[in-house]
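TrEMBL annotations:
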DOMAIN    44-204  domain 'tRNA(Ile)-lysidine/2-thiocytidine synthase N-terminal'
MOTIF     49-54  motif 'PP-loop motif'
BINDING   Cys124, Cys127, Cys215  [4Fe-4S] cluster binding site
Amino acid sequence: MESILQAEAQAKAKYNADKLAKRLRHAVGDAIDHFGMIEQGDRVMVCLSGGKDSYTMLDILLSLQKSAPIDFSIIAVNLDQKQPGFPEEILPTYLEKLGIEYRIVEEDTYSIVKRVVPEGKTTCGLCSRLRRGILYRVAGEVGATKIALGHHRDDVLETLFLNMFYGGKLKAMPPKLVSDDGRNIVIRPLIYCREKDIVRYSEIRQFPIIPCNLCGSQANLQREVVGDMLRDWDRRFPGRLETMFRALCNVAPSHLADPKLFGFKNLTTQETPYADGDIAFDHEPIETEVPATALRTISILDKRELNRCAS
Ligand code: SF4
């Protein structure tokens, strides 16, 4: 009996793992397609930090590469910044096992940052500027046409709120951009992927994760607070993060207030109905598309509420 139950549990776990892998592959495939991230003949430099996100990105891209209708090559690149205790052998061992092309770049940015940034000040700003410059240079050296970064949907939403709360800007992280030196195209293939899916996937795939606190830098408190806020919303209002992300893909410049995006000054009346017109004096009705998970939660809550009222 026990062995039957065990077999059932294993079959269920495998079914769920396959479903998750499929969901992530679809999400990455859709993002690549929607934003034209990878084209025929591209050489994609996958930036591998040793964290869950970059391992997942590499894994999914390698899997998509096998079935893609176009040919593209992948080279994994890790930057060893010489933080004390960085386990140098983990990534080469992993990548050798995969049998893919890779390069480990050794640059002691850790010492530079420690020397230049005063004690007690955050080191992340300078550290990431140095890392970015090195990765751009390496992209040129290895002949990469695209640089792939492992930011996912939740990173994008966090950035949106951080910019609104602290930067006074409606700005998130784009799926594809030209680098600040103008010479590289950066892509974010995980942009449609939920962080919780990536966490689960990296557990299932047992990636050899390298801890990200080796430099001893304090975590970015503002980002942590915003991340907690989003996770809390996700628990309490299922579907909210999906809706917010959809909003980023569905922007109405005529209903914001940036004169650089919309010609407010040149607005004129016209004889025919105006497609972007407003009902001006009323609040616009909000069309809600409530996801199935949310509907289930709402109906459970409704029933509880009704029971409470009846008792
Ligand atoms: S946490 Fe450490 S390694 Fe990461 S960006 Fe900050 S200083 Fe650099």
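Cβ atoms here come from the backbone N, Cα and C positions, even for glycine.
Note that the structure is predicted; figures quoted are calculated from it, not measured.
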Ask   = What are the DSSP helix, strand and coil residue counts for the motif 'PP-loop motif' (49-54)?
value = 3 helix, 0 strand, 3 coil
Request  = Could you please provide the mean pLDDT value for the domain 'tRNA(Ile)-lysidine/2-thiocytidine synthase N-terminal' (44-204)?
outcome  = 95
Inquiry  = Using Cβ atoms only, which residues of the same chain lie under 8 Å from Cys215 ([4Fe-4S] cluster binding site) while being at least 6 residues apart in sequence?
reply    = Gln81, Gln83, Tyr110, Val113, Thr123, Cys127
Note = Quick tally, other C-beta within 10 angstroms, Cys124, Cys127; top of the binding-site residues is Cys127
Inquiry  = Around the [4Fe-4S] cluster site formed by Cys124, Cys127, Cys215, list the extra residues of the same chain whose Cβ is within 8 Å of the site's Cβ centroid.
reply    = Val113, Thr122, Thr123, Leu126, Ser128, Ser217
DSSP three-state assignment for Cys215 ([4Fe-4S] cluster binding site) = coil
